[in-house]
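Notes to accompany the following structure.
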Amino acid sequence: MADRSGGSTAGDTVPAPPPVRRRSSANYRAYATEPHAKKKSKISASRKLQLKTLMLQIAKQELEREAEERRGEKGRALSTRCQPLELAGLGFAELQDLCRQLHARVDKVDEERYDVEAKVTKNITEIADLNQKIFDLRGKFKRPTLRRVRISADAMMQALLGARAKETLDLRAHLKQVKKEDTEKENREVGDWRKNIDALSGMEGRKKKFEG
């Protein structure tokens with residue numbers, strides 16, 4: 001009896017899998033244009049917002065710290081350069097002398113500032129000149145964009161050789177010139193080849209050859 005349990009026997013053959021067909025470009029295009037479900041991000045929206053807020057807070061703290069450091073450096077520089085004035089117990093003449101000294105210091109600082117500004121302006125001008133020279137050198141060695149231009153052989157030779165182009169292009173100058181009269185004379189001499197053969201045939205023709 002045959003086994004009815006659904007199992008395959010020794011004589012049964014397993015069907016071969018269908019051949020894999022390559023998708024056409026149209027199918028690929030259709031697949032690409034079809035809307036697909038977007039992959040879910042591993043980070044939720046609330047978590048992203050929290051991280052952005054934290055980054056902004058850290059950046060704000062860094063900016064505040066840098067501003068505080070600049071203010072501290074400015075205060076230290078002013079304390080070393082501008083010492084506090086001691087005005088207690090000074091008379092009118094002493095105050096005038098102190099004012100004159102302060103004015104002299106201000107004038108000296110202005111002169112130094114003017115000298116520094118002149119040096120900075122000179123350096124900026126020199127840098128601009130050097131940059132201009134660099135651009136000029138780049139422009140000299142820059143390869144221009146070439147365009148296709150239709151030009152005849154005569155025009156090309158004229159551009160390359162100049163006045164000598166006419167001599168080189170005159171190809172007929174070295175050829176042998178044959179006059180029209182010479183060709184007509186040769187044609188008359190040839191004439192009808194049958195008559196020449198008849199004239200030279202027979203005894204008379206042989207006689208003419210010996211006589212000639």
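For all residues, glycine too, the Cβ spot is worked out from N, Cα and C.
Per Swiss-Prot, the feature compositional bias 'Polar residues' maps to 1-11.
Summarising the annotation, Swiss-Prot assigns phosphoserine to S5 (among others).
According to Swiss-Prot, the phosphoserine annotation covers S24 (among others), on the basis of similarity to another entry.
The phosphoserine annotation in Swiss-Prot covers S25 (among others) and rests on similarity to another entry.
Sequence annotations record features per position, and here Swiss-Prot assigns phosphotyrosine to Y28.
Per Swiss-Prot, phosphothreonine is recorded for T33 (among others).
In three-state terms derived from DSSP, S44 (phosphoserine) belongs to neither a helical nor a strand segment and is classed as coil. Among the features that Swiss-Prot reports, phosphoserine is placed at S44 (among others).
Taken from Swiss-Prot, the feature phosphoserine applies to S46 (among others), supported by similarity to another entry.
There are 10 other Cβ atoms within 10 Å of the Cβ belonging to T53 (phosphothreonine). Look at T53 (phosphothreonine): DSSP puts it in a helix. Taken from Swiss-Prot, the feature phosphothreonine applies to T53 (among others), supported by similarity to another entry.
Residues annotated as phosphothreonine in Swiss-Prot, with similarity to another entry given as evidence: T80 (among others). Under a cutoff of 8 A between CB atoms, and with a sequence separation of 6+ in the same chain, T80 (phosphothreonine) has no neighbours.
Annotated phosphothreonine per Swiss-Prot: T145 (among others), in sequence order, evidence recorded as similarity to another entry. Non-local neighbourhood of T145 (phosphothreonine): empty, since no residue in the same chain at least six residues away has a C-beta under 8 Å from its C-beta.
The phosphoserine annotation in Swiss-Prot covers S152 (among others) and is backed by similarity to another entry. Within the same chain, no residue at least 6 positions away in sequence has its Cβ under 8 Å from that of S152 (phosphoserine). Secondary structure from DSSP puts S152 (phosphoserine) in coil.
If you look up Swiss-Prot, you'll see T183 (among others) marked as phosphothreonine, on the strength of similarity to another entry.
The region 'Disordered' annotation in Swiss-Prot covers 1-45.
Annotation source Swiss-Prot lists region 'Involved in binding TNC' at 34-81. Predicted-model confidence for the region 'Involved in binding TNC' (34-81) is 86, expressed as mean pLDDT.
What Swiss-Prot records for 131-151 is region 'Involved in binding TNC and actin'.
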- Query: At the Cα level, what's the spacing in Å between C82 (site 'Involved in TNI-TNT interactions') and C99 (site 'Involved in TNI-TNT interactions'), rounded?
  - Reply: 14
- How many helix, strand and coil residues does the region 'Involved in binding TNC' (34-81) contain under DSSP? 37 helix, 0 strand, 11 coil
- Task: Have a look around S44 (phosphoserine) and count the other CB atoms within 10 A of its CB, chains all included.
- Result: 10
